[in-house]
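Feature annotations, courtesy of TrEMBL:
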ACT_SITE  20  active site
ACT_SITE  132  active site
ACT_SITE  147  active site
DOMAIN    7-194  domain 'Josephin'
């Protein structure tokens with residue numbers, strides 16, 4: 001299959017408002033509306049109800065809720081984990097001290113579904129700093145960067161280029177989350193526990 005035709009078959013949602021986590025999830029699953037704004041809002045609200053340490057309500061709570069901004073999106077890592085667990089996936093944190101070589105990037109595709117990055121970004125000449133969710137996924141043997149800020153998917157030429165990329169984003173403070181296809185899938189990395197994740201990760 002020609003590279004151009006292969007690219008056309010890859011699902012790639014583009015950035016809108018602060019919904020990069022929503023775009024990252026749909027890009028990960030390669031299907032429109034696998035997750036929707038409404039479904040993620042429900043997940044975020046359920047996390048609040050399940051949290052024994054939830055804070056008191058204020059007028060600002062209507063917009064600035066514990067796990068997302070109800071107007072613009074900007075969901076945090078707890079929503080990411082809960083949404084993926086609802087689909088039977090498991091999220092593990094890659095310990096940067098282990099190095100990128102500890103990630104099996106060439107193993108069976110039915111084990112590692114993909115990689116989600118939470119990367120620091122600077123906008124407006126560095127005046128505004130925030131974080132951004134980015135999905136990496138292997139499709140038909142090729143790893144792609146499905147960043148919703150990109151005009152189209154970026155194919156890595158090989159795993160060495162992917163490793164170099166991961167090394168570079170880790171060095172600037174990015175977090176690497178591995179999405180395993182099965183909740184019981186073993187990993188040398190640390191599993192997340194909802195509600196007590198530090199630092200709190202979100203994105204736009």
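Cβ coordinates are placed from backbone N, Cα and C, and glycine is handled just like the others.
Positions of TrEMBL features highlighted on the structure.
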residue : record      : CB count, 10 Å
20      : active site : 30
132     : active site : 22
147     : active site : 23
Measuring Cα to Cα, how far is residue 147 (active site) from residue 132 (active site) in Å?
9
Tell me, what is the mean pLDDT of the domain 'Josephin' (7-194)?
81
Distance from residue 132 (active site) back to residue 20 (active site), taken between C-alpha atoms, in Å:
7
